[in-house]
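Following: one structure in C-alpha cells, then a few remarks.
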Amino acid sequence: MLSWLRSKPVSEEATEAVHSLFRTGFPAVEHFAHMLSEEGEERGLIGPREVSRIWSRHIVNCAALLPYLPAKGSVLDVGSGAGLPGIVIACARPDLEVFLVEAMERRCQWLDEVRSEIGLDNVEIMCARSEDLKGKIRADVVTARAVASLDKLIRLTSKLIAPHGRLLALKGKRATEEVERAATELRRYHLDASVHEVVSVLDGESTYVVECSRVSS
C-alpha cells in the first residue's frame with residue numbers, strides 16, 4: 001500500500017484505480033500532493049482537517065474533470081488558489097497549455113514554487129482577477145472549483161471562453177439546482193449546460209461536473 005493512502009485502509013483495486021486516473025502524470029501529481037500536505041496548512045491553502053484527506057477530497061475530486069478536457073489546446077483555471085484543479089490538470093495532461101489565474105500574490109508565489117519544483121513547463125501563472133483578463137486571453141476550456149455560484153461564474157468567465165470553448169465547473173450535489181438558477185445567464189451568454197456525475201474511485205462519493213458549452217446565437 002502506498003504511503004500517500006495511509007490515512008485509511010484501501011483495497012489494492014482502489015490503489016490501482018488512482019494510478020489509472022493519472023497514468024504517466026502520477027509522479028507529478030504525487031509530488032504536488034506531498035507539497036500540499038507538507039505546506040498547505042501552514043500557508044493557509046487548506047484547513048487542518050484536510051491534510052489527511054488530500055487525495056480523496058481534493059486530488060481525486062479534481063480528477064473528475066479529466067474526461068472532459070479537450071484533446072488539445074488550452075485550459076484557463078480561474079481562482080486557482082492552492083492549485084486545485086489547475087495544477088492537477090497540468091500534471092495529468094502535460095500536453096495542454098494551462099493558465100492559472102489567481103488574484104492573491106502569496107498564492108501566486110505558491111503556484112510558482114509548485115511549477116518550478118515539479119517542472120511543469122506547460123503552466124503559466126497569471127496573478128490577476130479574472131475580470132481584468134477580459135479581452136486579453138481566451139481558452140478552449142475554463143475551469144473552476146469552489147469559486148462562485150454558477151450564475152456568477154458564468155458572468156465572470158464568459159469573455160474568457162473561446163468561441164467554441166466550454167466552461168467546466170466542479171460542483172456538489174446541488175449542481176442541477178445551480179444550473180436551474182443560472183438559466184438567465186445561460187441564455188444571455190449563449191451557453192448550454194449539462195451535469196455529469198463522477199463517482200470517486202477512493203470513497204465512492206459523487207462529484208458533479210457542470211459543462212457549459214457555446215451554442216449558436
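Cβ coordinates come from backbone N, Cα and C, glycine included.
Features as listed in TrEMBL:
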- G79, L84, S130, E131, R145: S-adenosyl-L-methionine binding site (BINDING)
Spatial neighbours, same chain, of G79 (S-adenosyl-L-methionine binding site) - Cβ under 8 Å, 6+ residues apart:
V101, E102, A103, S130, A144, R145, A146, V147, A148
Please report the number of other Cβ atoms within 10 Å of the Cβ of S130 (S-adenosyl-L-methionine binding site).
24
Count the other Cβ atoms sitting within 10 Å of the Cβ of E131 (S-adenosyl-L-methionine binding site), across every protein chain shown.
13
How many other Cβ atoms sit within 10 Å of the Cβ of L84 (S-adenosyl-L-methionine binding site)?
25
Suppose we draw a 10 Å sphere around the Cβ of R145 (S-adenosyl-L-methionine binding site). How many other Cβ atoms does it contain, all chains included?
24
